[in-house]
Every structure is written in structure tokens, then in C-alpha cells.
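**Q** Could you have a look at this structure, given as C-alpha cells, before my questions?
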Amino acid sequence: MSGFQQVIQKMYLAALYCVKKSVHLPHTGSALSCLLSAAFFGALGSSFLYGYNLSVVNAPALYIKAFYNKTWVERYGNPIPAETATMLWSITVSIFAIGGLFGALSVSFIIKVVGRRGTLLLNNIFAVIAALLLSLGEISKSFEMLIIGRIVMGVNSGVALSALPMYLGEISPRHIRGFIGQFNSILICLGVFTGQVLGLPELLGQESRWNFLFSFLAVPAILQLCVLPFLPESPRYLLMEKRDEKAAEKAFQRFLGKKDVSQELEEVHAEARAQDNLHTVSVLQMLRSPAVRWQLITIIVTMACYQLCGLNAIWYYTNGILREAGFAENILPYITLSTGAVETLAAIISGLVIERIGRKPLLIFGFSSMAVFFSLLTVFLYFQNSVAWLPYLSYVCILAVIAAFCSGPGGIPFVLTGELFEQPYRPAAFMIAGTVNWLSNFAVGLLFPFIQVSFLQSFAFLVFVVVCILGSTYLCVVLPETKNKTFMDISLSFARINKMPCPPPGHEIELTLSITPDKNGKTDMCLTIYISQCIQGLYENKFPILF
């Protein structure tokens, strides 16, 4: 083994040791490998591609516009009008969000037919088709191929950002559900960073190589197609929707690394019995249901804040902001690269601490911090022409906003969407969350330039300050902590605020025996009360039975 290989091996083992110390992962090597492989490769062909597409169009923008003009001249004999060029470029960038909306609207049907893992695998078809269209558009002298490729890639991302968090939430033990769920956010950030690195002038950010930036889209998709078929489907999906207990048992055994998974099976059975007469709920049924009203409101608010908090404005217009701040043109790609590195690092740290700190504190801290740093950025941008060193503080504020976003708001909304709803509601919940996500994404990209230029100029970011403050206030008041809770426990946390009437007295209480390890690794027997049909007043007087 070479010295370089030894260094890489030691770095990998050190990283794995830090992860196992930070979160209580399965101790069995095969289970750890299975769970982390499902999380990593599931996200690699899904959220990684979404992040990559957020940044990949920035570097070759001038070359793509030149290609549009050259193609127009060859077709019509005249240079492309400025208004038409602007319109074509705007469509190329923004139509990605329209494709994402189509993907989000279709995901509920696809998941019902082929399952969680099957949806991720099927979704790679869109990625490969988009890679071909985007990379061959220049050779074919067709800018229409680039536009169609962007919308197809948007469909891929719309499906991925719903199916992946659902899959990760259902395969994870509840004590590390947040950590595994954060792979979605980490791979988004890594995708953004990869797009920035490959877009450097020294690599693929050149006029003769920009189409290879889009060819790269096929690589993560092919890797996922090679690995994910050998990993299990969601055991909850297999048991509750396919009624295949043997396959669910095998999936639990592989993910958890133990033969006796009766406790996990009984937990899913208890939820299934509670929902025995309830099939998969449609979006319309969900919107009408008072049982999940505040869960739905919470997801809509959180997902809207995820997009409207201003980070997309930072990504779309970072170069312009830095240029206005006084940085030289030739160093802008490298400064932008540092923003991607900070984003990735913050997402990794968030994934390591989420099971210790919890979802709610990280969300509130992230939105509150963003409000503070957006306020400071507004002040620094307003006075930057008066003081020579203020542009550097503007840059620091941009980095701080990105870090604050990735500390919680960047990934936890997707985790929450899977946690706040039980099995029958989950596909419809992700469809609604995805719709809000992509509509908000499109709105920011469309409206922020007009807000900045026509109305508020340096004060444009104050709009995002208001969004962040309102979002953190709502979450502080309404959202319960979901860390280390079962899906039924989380649903019961919303029972009072949803003002659901209790059934009449005399209905049975289901007691399910569970084993919970203490800090020393020993196990204590406790009776955890799963309430599927409660007696009068039980919501107001929930009490544990202790030995």
C-alpha cells in the first residue's frame, strides 16, 4: 500500500470514528455499511444533482449566451436581439424550477407504483436524458435542446427532493433519523461545491469544454444505478403498503445489523393498526383533514421559509454582489468557491450535532442568525462606497448567511416533512411540500432582481430579514421537538393543537413492549404507551408507566 493510500485510509477511519462518536450508529459493520451506503448513494444520484445544477450554469454563462447568438446568426443571418437573448437565458435558468414543480406533482403517483427505492432508480432516466440533451446541444446547433434538458433535469430534482427524504426517514432508526436525513442537505451542498470546482477556468469552465460540465450529470446517476439495486427498499413501505412482512424483516435486519427486529416490526404494526381503515391519502383529502392541519401548516411555512429566506438570492447573484462590493473580476470564481466550501462544512457539522441539539433549536438558530447577518449585510452594502474595507465585511456576512442556513434551515425542512406525518399522509405531504418549495424557488429568481433594482436596491435583503424573523417565531411557538420520537408520538404532539375530539370512553389502549438502552449500554424494560384509540381525557393526562 502506498503512502498516499495509507493517508487516505487513516483519514477515512478517523472520519468514521468521529461520526460514530457524534451519533450512535449501529455497531455491526455490515449494518453500518448498508445504512450509510443507502444514504450516500441515494443522495448522490438525487440531491447531489440538484445542488450541482444550482451552480453549474454560472461558470459557462457567457459561453452559452455566445452559443445562442452564434446559432441565431446561422439560422437567421442576423445577430440575436438583446431582448431575445435575455429572454432565452432567463428561460434557460428559471425553467429548471418549472421542471421541479412537475416532478414534485408527479412523485406521489410514482412512489405508489414503484416504491421509494424504485422511484430513485427510475428517476435516473431523467438525469441521463438531461445529460445527453445538455451536452449535445452545441454539437447539434440547437439551443432548444439546452432548454429542454434543463426542464428534464428539473423534473429529476423535483422527484428526488421528495422521494429521497422519504426513503431516508423510513430506513433510519429513530435515534439517528435526523443524522441520516441530513445526507440530503450535505449532498446538495457538495453538489453546489462540485459545480463550482468543475466550473473553474483551469478545469471545464472554458469555451471549448463547457458542454462537459453537463455531461458530468450522468456520472452520479450511473453510480446510483450500480449500487442502489443491491440495497433494501424501505421496510415501512414493504410492511405497511406492500404487506410483505418477510421482506420488511430482512430489510430491517440489514439496516439495523441484528436478527431480532421484532420491536421494530411491532412499532410499524402498531402504526398500521392505528391507520387500519385509512389508505394512502390524496392531496385533496389531506387539505381537508383536521387531523393533520397544523402539521401541514408547519411544513408549508417551513418549506416556504427554506426558499424565501434569501439564500437563493445569494447564490443567483453572489458574483454581482461581490462585484458591487469592489472585488476584482479575476478572483470572483475563487471567492465563490469558498462559499460552496463553507456551505458544505456547515451542513456536515449540522448532520453531526442534529441528534444532540435537536431539529427545533437548529431551525430557530439558523433563521435568527440569517436575519442578523442579512441586516448587517444591508448596512455594509449601503455604506460600502464610503469606507474602503467594508466590502470585506460584506463578504464575511455572505459566508455567515450561508453557514447559518446550512446549520439547520438547509436540510431540516426535508427531515421534518417525513417526520410530522404517518405513512398514509406522507406521499401527499411531500407533494405539497415540493410544490411550495419549487413555486417559492421560482418566485425568488423571478422577483428579486426587480425588487433590488426598481424598489429597494441596497435594502432588498431586508425582505428576507422579515421572512426569517417570522419563520423563527412561528417555529418557536408551534413546532414540537421530534428528536428520537416515533411517528405516532409526533402525531400525538399535534393532537391538542389540532383540537381533535377524543373517542368515547371504553376504547382500548394498546401497550407495546419496548426495550430502550441507557447511557451505559444496559437495557431497561419499559412500557411505552402507543395510543391508537384513546379514552376520554387521555390527551390532557398522558403519563408513563414506570417499573
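Cβ atoms are placed via backbone N, Cα and C, with glycine included.
Feature list, courtesy of TrEMBL:
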type     : residues : note
TRANSMEM : 30-52    : transmembrane segment
DOMAIN   : 39-483   : domain 'Major facilitator superfamily (MFS) profile'
TRANSMEM : 87-111   : transmembrane segment
TRANSMEM : 120-139  : transmembrane segment
TRANSMEM : 145-167  : transmembrane segment
TRANSMEM : 179-198  : transmembrane segment
TRANSMEM : 210-231  : transmembrane segment
TRANSMEM : 296-316  : transmembrane segment
TRANSMEM : 331-354  : transmembrane segment
TRANSMEM : 361-383  : transmembrane segment
TRANSMEM : 389-416  : transmembrane segment
TRANSMEM : 428-451  : transmembrane segment
TRANSMEM : 457-479  : transmembrane segment
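What's the neighbourhood like for each of these?
**A** Within the same chain, residues 20, 117, 120, 123-124, 127, 153, 156-157, 160-161, 163-164, 167-168, 171-172, 180, 183-195, 216-217, 220-221, 223-225, 227-228, 231-232, 254-258 sit at least 6 positions outside the transmembrane segment (30-52) and bring their C-beta atoms closer than 8 Å to a C-beta of that stretch.
Distant neighbours of the transmembrane segment (87-111): 53, 57, 61, 64-65, 68, 80, 119, 122, 126, 143, 146-147, 150-163, 166, 283, 427-428, 430-431, 433-435, 437-439, 441-442, 445-446; these residues of the same chain sit at least 6 beyond its ends, with a Cβ under 8 Å from one of its Cβ atoms.
Beyond the transmembrane segment (120-139), the same-chain residues lying 6 or more positions past its ends with a Cβ under 8 Å from any Cβ of the stretch are 42, 45-46, 49, 67, 103, 110, 114, 145-146, 148-150, 152-153, 155-156, 159-160, 163-164, 167, 211-212, 214-218, 220-222, 224-225, 228-229.
Within its own chain, the transmembrane segment (145-167) is flanked in space by residues 38, 42-43, 45-47, 49-50, 53, 64, 88, 91-93, 95-107, 110-111, 116-117, 119-120, 123-124, 126-127, 129-134, 136-137, 181, 184, 214, 217, 234, 414-415, 417-418, 426-427, 430-431, 433-434, 437-438, which lie at least six positions past its ends and keep a Cβ under 8 Å from the stretch.
Beyond its flanks by at least six residues, the transmembrane segment (210-231) meets 34, 37-38, 41-42, 44-46, 48-49, 52-53, 56, 59-60, 63-64, 117, 120-121, 124, 127-128, 130-132, 134-139, 149, 153, 195, 198-199, 204, 254 of its own chain at Cβ-Cβ distances under 8 Å.
Within the chain carrying the transmembrane segment (331-354), a Cβ under 8 angstroms from the stretch's Cβ atoms is held by residues 18-19, 22-23, 55, 58-59, 178-179, 182-183, 185-186, 188-190, 192-193, 195-197, 199-201, 205, 314, 318-319, 322-323, 362, 395, 398-399, 402-408, 410-412, 483, all 6 or more beyond its ends.
Same-chain residues lying 6 or more positions outside the transmembrane segment (361-383) and placing a CB less than 8 Å from one of its CB atoms are 302, 305, 309-311, 321, 324-325, 350, 353-354, 390-391, 393-394, 397-398, 400-401, 404-410, 412, 458-459, 461-462, 464-465, 468-469, 471-472, 475-476, 479.
The list of residues near the transmembrane segment (389-416) in space but at least 6 beyond its ends in sequence, with Cβ under 8 angstroms from a Cβ of it, reads 161, 164-165, 169, 177-178, 181-182, 184-186, 188-189, 298-299, 302-303, 305-306, 309-311, 314, 318, 321-322, 325-327, 335, 338-339, 342-347, 349-351, 354, 359, 361-367, 369-370, 373-374, 376-377, 380-381, 383, 433, 471, 479, 482.
Among residues of the same chain six or more beyond the transmembrane segment (457-479), those with a C-beta under 8 A of the stretch's C-beta atoms are 294, 297-298, 301-302, 305, 308-310, 313, 359-360, 363-364, 367-368, 370-371, 374-375, 377-378, 381-382, 409, 416, 448, 451, 497.
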